[in-house]
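J.: When I checked TrEMBL for this same protein, it listed these features:
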TRANSMEM  44-67  transmembrane segment
DOMAIN    125-312  domain 'Aminopeptidase N-like N-terminal'
DOMAIN    364-583  domain 'Peptidase M1 membrane alanine aminopeptidase'
ACT_SITE  Glu437  active site, proton acceptor
BINDING   His440, Glu459  Zn(2+) binding site
SITE      Tyr523  site 'Transition state stabilizer'
DOMAIN    697-1012  domain 'ERAP1-like C-terminal'
Amino acid sequence: MTRESFVVEHDSSVKETIATTPVGSSVKDKGKGRKMKSSVKAHLPLIILGVVFIGVLIGLIVVGVLLGQERKKVEDLQNTMNGHAAVNATTQSPGGGTGPGGTSVTGTQFLGINLNGVLTNQIDPINYELFLKIHLPNLKSITLHVRHEVPADSKTGHILRFAKDKVTVTKKAERTAVVVDSLEYLTSDLVVINLASTLVVNAEYVLKIEFDGFIAQDNQGLYLSQYMKDGHLRNLIVSQFQAFKARRAFPCFDEPGYRSTFTTTLQYPKRFGMTRTNEDVDPRSPSSEVNANGLLWTKTVYKTSARMPVYLNAFLVSDANDFKFHEPIVMAQNYSTSFPAFRVNTIGNAELVAGPNNRRDGRFAAEQGRDMIQALTQWFEQPYTISKLDQAGVPDFSAGAMENWGLVMYREASLLYQPQVSTADQKRGIAAIIGQELAHMIFGNLLTCQWWSDTWLNEGFARFMQYELMYRTKPRWNLKPMFTYWVVREAMSQDAFTTTHALSDPSVETIADIERMFSTITYAKGASILHMIKGLMQETPFFNALKQYVKVNADIPTRPELLMTELDKVYNSASDKLSERLSKWIYQKGYPVVTVSRNYDSTNPNDISYTQKRFLLPVAPGSSAPVLNETDTWDVPLTLISGAIKDDLQAALQAANLPCWVSSASGEFNSKSFPIVVSLFSPKTNRGAGTDQTYNFIIANVQQFGFYRVNYDISNWNRIIRALGAYTSGSRTTIRTKKLITHNRADQLGTGNQYEIPLRLINIYLTKEQSYGPLASAMDNLRYIDQMLRGTPNYPQFAAYMQNLAGQLYKKSMWETNWKDSWTTADQESESSYGNIMFNTLVIETACFYGVSDCLTEADTRFAAWVARGKDRAFTADENLVQTKNLVLCYGMREGKPSYWKFMKELLVVPGTITSSKLSLLRGMACSRDESQLHEVLMAAIDPHIVRSQDENAVFGYLNKFNEAHVLTWEFVQREWSNPLLTNRANVVATFGSSLKTKWRIDQLKALFERAKGGKDAKDIPEGATFVRAIERAEINRLWVEKHGGNIAALVAQLTPGTDITPTA
C-alpha cells in the first residue's frame, strides 16, 4: 500500500471452514510457519472469531464520521449491509498468538488472547464463502450505527451486527451441529463464540454467520465513492481493508498471519454491470438475475481465490457505462513456458481509459504493469497464479494504491497517464507506484509478514523493488543514481527524530501501534537497509539469496530471521554472519554518524581514526521525547576511497564496496587493513596537512550504500572543497559532489560552525553541477535554511545570495525541454532526457522563487500565451508546455494581471474538470500575493465540491510555499478550527504548526492545542500527538534561529558562487 452515506442492504453471510488441533500440543503450523503451545485446558469449548478491534475502533470511527458529516452539514446516511459468511477452519492449540500476545501478555488474559485484540492460533481458517448483497438507493438520508444503539451497560460499539441465532457451527464430516451457547464481545472488537460442547481436535468445522454490516464514507473498509457524470452524482463501491478494516465488512480472522482461500458471491442492482473481485467470474456458475421487491438484481459467483490474508480481499461495484477497461493485454504462456497465461487490464473512468478523441490514459499503466509483472515473475521464478491483473483507478482512495491480489486499486491520478498532458515526473511517479504495488505480488501477497511488527517485510521490500523494477523496465530513465536522493535521504530525515521506531518492533499490539508501522521508516528505511545489503553482497549474490528466500517461504507468513537465514547462506565471508551484523539495523532505532579523521602525523602507523554515535536532531528543552541510550552503536560497513587516485575511478568504486566493519564507538586503523581498497590510498609521504596536497583527501561510505552519515576532520573537508573548486565536469565530479552534498545536509554537522562547511561546499561547486540528484539534494538543504530564516531580519541577506546563485544556474533555454511521447512503436519517448528535464525545472523553480527577473518575465510571457489559448484548450496536449505548466501557472499568477485570476477561477469550476487539472490550477492560484485571492484558495481547499478530502492536504501544502500565504493560512487555521469543513486538522498542524519559530506564534500554537483538547488529555483527541510533536519542533526552530540565523546571514554575505572564502578553522 504506497494512504458518506447510503443504504446497503446486505443479505450477507460468512461461512468459514475451520479445523482443530490438540490442545496442549506443540505443533508447527504449515500455514504460519511458527511454533505454538497451549496455555489453556482442553475442556474450554470456544471458537474465537476475529472481528478484531471492532468495538473501540468502530466507536472511534463512527464518532469521527458523525463529526465529519456534521461539519459538512449533510444529513445522516444509513449504511447497511446484510449477508452471511461461512468459514471452513481447523482448530489449533491456543496460545502463542499471531502477534505478540500468546501466553505472555500483560493485563487480563483469556485463552491466550492479548486483550489489545490479538488472536490466538487455536483456529486455522481454511476457506471463506462470502455472500454480499449490496443495495445503492438514492442518497436522501443518512443513518449510522453508533454507540447509542448498543445496550447502555455495554462498553463496546460494534457495527457488524449479528445475533446468536444467526451463528451456526457444524462439524463438516458428519454435518452435525454444535450448539452455540452465547456470544461474548470480549474486547473492543474481539467476539468470542461460546459453544455448549467441546470441539474435536484435528476436525474441520463450518462456522456460518448471518450479519448486518455497513458501507462507510471514510475511504476505509467497504466504502462509497462518488463522482459526477453528465451533471449527475454517481455511486461507486470500493474496498480498502489493509491493515485491519476487513472486519468492518464481514466477521473474519483479520490478521496477516492467517491465510485462507475466499469464494465470493456478490448480489447487486442490475445496472451496476462492472463488478470485480480478486478472481474472475466462475464459469461453472454463470451470473443470474433475481427479482426481489420489485428490483432486478444480478447475482455473480467468483472463482475461489489463492490463499491469502483477509486484508487482500477487494471489491469494486460500479455502473458499467461509467467504468470500463482499457483493452486488455494478454500475457501468453510464451513469456515463460512454465507459467500460466493471464490478462493485464486497466479499469477506470470510461472517458479517460477508452473515451473520445483517442483518450487512452490507461495504456501506459497496462503496458507498464505487463512489463513489471513479467520481470518480477521471471526474476524470482514464481508464477502469477491468478487469471487476471486488474489495475483500477478510482476517484476516492486515501491509501494512494493497494496491492489486492488480482484487483490492484489506485487513486485515479496515480494510475492514468495522458501523453503530452502529464509531465515526465508524473509518468515516473505512476511507474513507481505500479512498481510498488506489483512488487507486493511477491513481497506482501505471496510472502506476508507474520505480524505487523515486521511490516517492513511487506512495505520496505516493495519500496526497494519498485526501483529495481523501474531499472529493468525503463533503463533509459537512468534512475539508479536517484535512489539515494529519493529514498535514503527521506528515511534519514525521519529516523533522526527521537520519536522514530525500529524496523522490527515486537511491542506492536494495538490499533495505534499498527498504524504507526505504516510510516516512512517502514517504507524508506526498510528499502534503504535492503539497498545497503545489496551493496554489501553485490547484486547477483543478493538476488540469488532473495530468490531462495521467496522459494522456501512462499505462502507462509514470514519473519526477519527467515530472510537472514537465506542471506547468511550466500554471504561470502568465512568469519562473519551477515545476520549478526544486520541485527542492530533491524531491531534498533536510528542510525549513526561516523566521523572519519586523517592522522596527519606520519609517525603514527594508524592513519585513520573514527568515532560513531547516533545521529539525532536537537530536542527542545522540557521535551517529552523518550529517554535515549546515548551509547548505541551499529556494525557499520565502512568503505573508503582516496581522492589521490585520478585513474580508473569506477574500478576503485567497485573495490570500495568491500567494507571494513566498524562496531565500536571509536577506534583507529591503518588504511592498508581495508580489503582491496588499500591500494587506493596515497603513500604516507603525502599525508601532510599542507595546502599543496589538493587531491589527497578521503571519502567514506562510497556511493552511500551504507545507511549512515559521514563527517570528517576539518583539514579533509578543506581539501575536498579545494578539489571541488578545481573540477569542472566528468564522472569524478559527479560522483564526488553527489556523495558530499548528499551526505552533508545543512543540519548535519554537530560541532564547530555547523553551516560553514556545507555552505562552502555548495557555494564553490553548485553552479558547475549538471546532474539532478546533487542539485536537488543541495536545494533541499538550502530550502531548510530558507524556511528557518523566512520572516526574520536575516532573511534578506540569504534571499539575495540565493538570487545570485540561481541567476548563475538559470538559462532561458531550460524552458524548451520537451518530453515527446509516441505510441506508434514501442518505447519511443526521448526518455533519456528525464534527468535533464528534472534539472531544468528545478533551476527554473529556484530562479523564479528568488526573483531572477529574466525567469519571471518568461513565466509571465508563457502564462499570457496559455490564457490566449482559451478555456477549451487549457488542458489539451501541448508538448511545449507540459513540463513547465505548474511553474508557468505559479509565477505567471504571482507576477500577472487581475484577469489571470479570473481566468483560472473560471476554469476551476468548469464541469468535468478532472482532479489533476483542478490541483494544477490551485497550485498556481496559491502563489498569488493578494490576500483576498489566497482566502479564496483556502475556502476552495475545504469545499468538498471542488477538492476531495484526500487532496485537501495537497492544497494546504501549496499554501506553504510563500511566506504571505503561510502566514494567512496559519491565521485561517486558528480562526476556522471549529469549522466542520476543515477535516484534515492533524496534517494542517503538522505542516504549519511545525514550521513556526517565534515565541508569539508558538504561544498561538499552544493556545490552539488547549482549544482542541477542550479539557481532555492529548491522547484523547485525534490531533493530540501531532500537536505535541509540532510544539516541540517549533521550539527547536526558535532555538535554531537564535543560534544560527545571524551567523548564516554573515556567512552568505561573504560568499560569491563559484569561489571560496578563508576557512574559520
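The backbone N, Cα and C atoms fix where each Cβ goes, and this holds for glycine too.
Have a look at these and tell me how they're positioned relative to everything else.
T.: All protein chains included, Glu459 (Zn(2+) binding site) registers 27 other Cβ atoms within 10 Å of its own Cβ.
Cβ contacts within 10 Å of Tyr523 (site 'Transition state stabilizer'), excluding its own Cβ and spanning all protein chains shown: 27.
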J.: In angstrom units, rounded to an integer, how far apart are the Cα atoms of Glu459 (Zn(2+) binding site) and Glu437 (active site, proton acceptor)?
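T.: With the alpha carbons as reference points, the distance is 9 Å.
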J.: Return only the integer: C-alpha distance in Å from His440 (Zn(2+) binding site) to Tyr523 (site 'Transition state stabilizer').
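T.: Cα to Cα, His440 (Zn(2+) binding site) and Tyr523 (site 'Transition state stabilizer') are separated by 13 Å.
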J.: Taking the Cβ of Glu437 (active site, proton acceptor) as the centre, how many other Cβ atoms fall within a 10 Å radius?
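T.: Total other Cβ atoms inside 10 Å, all chains included: 27.
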J.: For the domain 'ERAP1-like C-terminal' (697-1012), what's the model's average pLDDT?
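T.: The predicted confidence over the domain 'ERAP1-like C-terminal' (697-1012), as a mean pLDDT, is 81.
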